[in-house]
Each structure stands twice: as C-alpha cells, then as structure tokens.
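**Q** The structure is given below, and queries will be raised subsequently.
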Amino acid sequence: MAIIIIIPVLSITTGLLTAMATAEATCYKPRERHGQCRHDPYRLPSVLFGTKTTYRHATGLHTKWASRARVPGCRPLLLMIFMRHTTRFPGKKDLKKFGERLPELQNMILNASRAGSGTLCRQHVNSLRKWKYNWDESMENRVTSSGIRETGEIASRFRRMFPGLLPSRFYQDEYVVRATSKNRTRDTAYAFLKAVLYRKELKKFKRERALVVDDDMLAFQSTCEDKLEKQGVNKTESQEETKFLDSAMVQEMMQAMSRRLGVNVSTDDVRLMAKMCAFEVALRGWSPFCYLFDKEDLDLLEYAEDLDDYEEDAYGNERSVALGCLLVEEMVDKIREKLRTSLTGGASFHTHLRAALYFTHAAVMKSLVAKLGLGRAAPPLRASNYCRYRTHRPWRSSRLVPFTANFALVLFQCGSSQLTVLPILNERTVWLPGCRSVFCPLEDFLRSSVVQSSRNCDPEKICSKDWNGRGRPE
C-alpha cells in the first residue's frame, strides 16, 4: 500500500514541477500590433528603468509639500541623509554610442516602414521620424534642470518634516555636508541646500568652502575596484544577467522586436534604444524610442539590470555589502558626536550638529541598502526565476536606487532619556533587522547585526584580493 500511495504523489509532484517549469518559460507573451496603435498611443509603456528611473516615477512624489513628522513624546535631534546624485545626462561612453548607432537604427526602421515592413503604427513612426540627436560630449554626466528641481523638492519636504534640523541659516557646527569629487554629486548638494538655506547663507556656505570632498567614504566602490585592479583582480560581468539575456524569453522578445521594427536588431541595439528611452524620459518626459517597446519588453530589460545590480553591487557580492560598513560607521560616529556621554547613556548633548548630508552614487547606495538588510530576495534573484519575480520582487533598483535615491536616519529623544532612531528610505519608513518596529530604540539599533557587522570597518582589508568575506584576509 505504501508504494501505491507514494507513486501517485511523486507523479503529481513531477507534473507540478513540469507545469511550473513550463510557466516559467512562457510568462513572456509578445503582443503583435499589426500596425494598430493603442487607444492612447502616446502613453509610455513603462517609466521604470532601473537606476535610470526618475525619483518622481519611483516614488510618486513630485511636490514640495510634506506634513511635519510628529512622534508623540519625542523630539528630533539629528538628521542624517545619504543621497544619490540627481538626474543626469548620459556618460561619455553612452553619448558616443547614442550618437553613432541611434541615427543608423532610426533610418533603418523608417526605411523598413516605407517598404511596408514592420508593424509599428503610424503615430509611432511619425514620432521617430521627427527625432533628432542633439546631445554632445560637453553634456557628459551633467545634472539636469529637472533633477535640480526634484532635489529641491526633496529638500523642501525634509525641511517640512523636520523643520528644526534643516535651519535656514548656515553655521559650520550645525551642518556637515560631504560629496564626491564628481560634479554631479556636488551640484546635487548645492541644489539641496539652495532649497533649505537663505540665498545669502548659501553664498556663505560656498564662500567658506564647507562642502567636503570624501571619495574614500562616498565613492568606495570605484576606489575599491581600482585597488583590486592593481592587485590583478578585474571586475567581471554578471553571470546571471548574461544567462538571462541568452534565455529563451529574451530571445523571443528579440524576435518580436525585429518583427515589429521590420529590421533585425541585436541585443545591444535593443538595450541601447531602451537606454535612450530611459534617459529621454528622465530629461524631458517622453521618447519616441519608448514607443518601439511594449511594457513586457521593458520589464524583461529592467529585470536584467536588477540581476546585475543584485549580483555585482548587493547581496551577490559580499565585498560590496561589507563596504557598506563605512556608511553605517559614519552614522554611529555622528550619533556619538551628538551625545556627550556614552552611546547608550543619557541624552545630554555637546555639539550643535543638526544635519549631516552626504551625496554619493548609485553603486554606493546599492551597497548601503544591502548592508541595511533591505531588499533581500529569498530565493535570490536568478536568471531562472523571472516569472516568479516579474511583478513583485524585494530588490527592484527602480524603486530602491533611482536618481536622487536617499536614505535618512533620524535620531529622536523621547521623554527625558530614551533615544530612538527612525530609518527612512526614499521618504518611506523602513523596518531594520534587529528592531522591534520602524521606531527603533537606539540600544537595539546599536546591538543589531547591521551595526555589529560594521564594527572595526577596514576598507583596506575588504579591498584586499585575499579577503575571505569574514572581515579579514586569508
């Protein structure tokens, strides 16, 4: 009898696994247009493009308004913000590729349409026909006017939430402001402060050269890569991303794109057009290249980038996660500066520090998010589980690290002596590991794995080729 019972169970299990595998391979279904536009032909198929997503599209926040953060019985003492630079123009390599290849693809697609090939609708062909490439290398990585405006809106909202921590007058002992040596982070810092300080106070800030450049802390990913390269360790491409791009689903998408455009396009061509779509949406709100895609196509390409981010800069890279200790250590140090006595002692203060502002890059923000234990996927993101994570996944760079992404930690005094921290990611409170709620008693935060694993932070050891992932070289 036991055998009779077991065999059907195994058969059912095998059948279920087969069905799941089939579903995994077929959750992408290309939509054939047959020359017909949607009811709303100029609606963007997607606004989520990984790290090239605008903050407004990632969060839905696009005004200066925010309500004051009120915690009964508590008052805010210190605000620390780590912020990615705001929306920028493409880098030098992308500008070169755009200028060389996109006009060629534009002509190929338009010629195919005239010859009756492809299935693009008339409105989308007309939009592509009017497109002209007018960017040059002088625009390389420059922040955009829309990004400056968006940064100002974020600063205004934080000021409304915590008015006493972002004063309009600048004093060296009340503000700490650091950025990297790249213009885009410094310009973002100035845009933030412009929305907070009086005009004459911003001039004073610049005159006193109060912005400190700190690449060791805020550009540690590139610094570490340089050190490893000198030791003969070169950065490798994401294996999961490569597997995914070679998968049957992505190849089916490539065939659907070629039919739709009327020309055979390579994976590099498709990714280049999608990247231009992302940048133009970020810079001006729309792009004719977006209309060449369906939402399902862009979802696949977004997932490919998430695989790369997850594997290279987050949970798939122990070294990257470990380097986040630099930022956690900085948070603890600033809390220490604020308190006169021991970290877990009384709430007596010896500095006037109110705000510590740090402006950095996407790779560092990804490392910080992972170090904080946020966005961890179980099972991990893999090339084989797109269908599982297609609509909802813990790690989605579009939501976690868009342009102007930010993580804030606010220190509160509650009652006469209780100290509490409140973590905020992209203006939404988050629950950190080791904390009982989003409002985390300082002693719990200091005992958490996030802080304990950041003690004795040593980037020199972490960036040694012999580092074993446990905090010391072999």
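Placement of Cβ uses the backbone N, Cα and C atoms for every residue, glycine included.
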**Q** Which cysteine out of C387, C414, C435 is the one TrEMBL pairs with C74 in a disulfide?
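**A** Partner cysteine, according to TrEMBL: C414.
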**Q** Consult TrEMBL and report which candidate among C435, C457 shares a disulfide bond with C440.
**A** C435
**Q** Scan C290, C325 and flag the one TrEMBL records as disulfide-linked to C277.
**A** C290
**Q** Relative to the Cβ of C440 (disulfide bond), which residues of the same chain, six or more apart in sequence, are found under 8 Å away?
**A** T420, V421, L422, P423, L432, G434, S448
**Q** Give the distance between the Cα atoms of C435 (disulfide bond) and C277 (disulfide bond), rounded to the nearest whole Å.
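**A** Cα-Cα, rounded: 40 Å.
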